[in-house]
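Read the structure below first, then the notes.
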Amino acid sequence: MSEELLVSKIENGTVIDHIPAGRALTVLRILGISGKEGLRVALVMNVESKKLGKKDIVKIEGRELTPEEVNIISAVAPTATINIIRNFAVVKKFKVTPPDVIRGRFKCKNPTCVTNAPREPVEPTFYLVRREPPLFICAYCGRYHELGDLL
């Protein structure tokens, strides 16, 4: 394979690299990126990787991910690396790790949990109880959830 760039470099924004093959669209969904926001997003799927065999890459022009967003990506892409780009240069590089607390992003899978009651304005909250593999507990009903199950 030639050493050409499949997608041009971005001036400012975020590059999410080392996403397991086939999971880039799920990463975009987790980040709430649908394509209607006006952001330039480049998506490369199933490219060769020495580390993973095949991988996906997402480039988001004009948006830097928050630390919470970086770590929530670990739900579907535990091998991902996040690069923050400014003026075409990498200024920060992160490995994703499961967050200690997740608030308001996912629903509890327990149908009787108070967070699922339509008349209860309770924000779903989950606490990390195990890092490998990530396991969370609902702050309200005590049900355990693997991070990938919360998606």
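Yeah, the Cβs are placed from backbone N, Cα and C, and that goes for glycine too.
If you check Swiss-Prot, you get these features:
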- C108, C113, C138, C141: Zn(2+) binding site (BINDING)
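Mapped onto this structure are the features recorded in Swiss-Prot.
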| residue | record | CB count, 10 Å |
| --- | --- | --- |
| C108 | Zn(2+) binding site | 23 |
| C113 | Zn(2+) binding site | 19 |
| C138 | Zn(2+) binding site | 22 |
| C141 | Zn(2+) binding site | 16 |
Remaining residues near the recorded Zn(2+) site, that is with C-beta within 8 Å of the centroid of the site residues C108, C113, C138, C141: K109, N110, V114, T115, N116, P124, A139, Y140, G142, R143
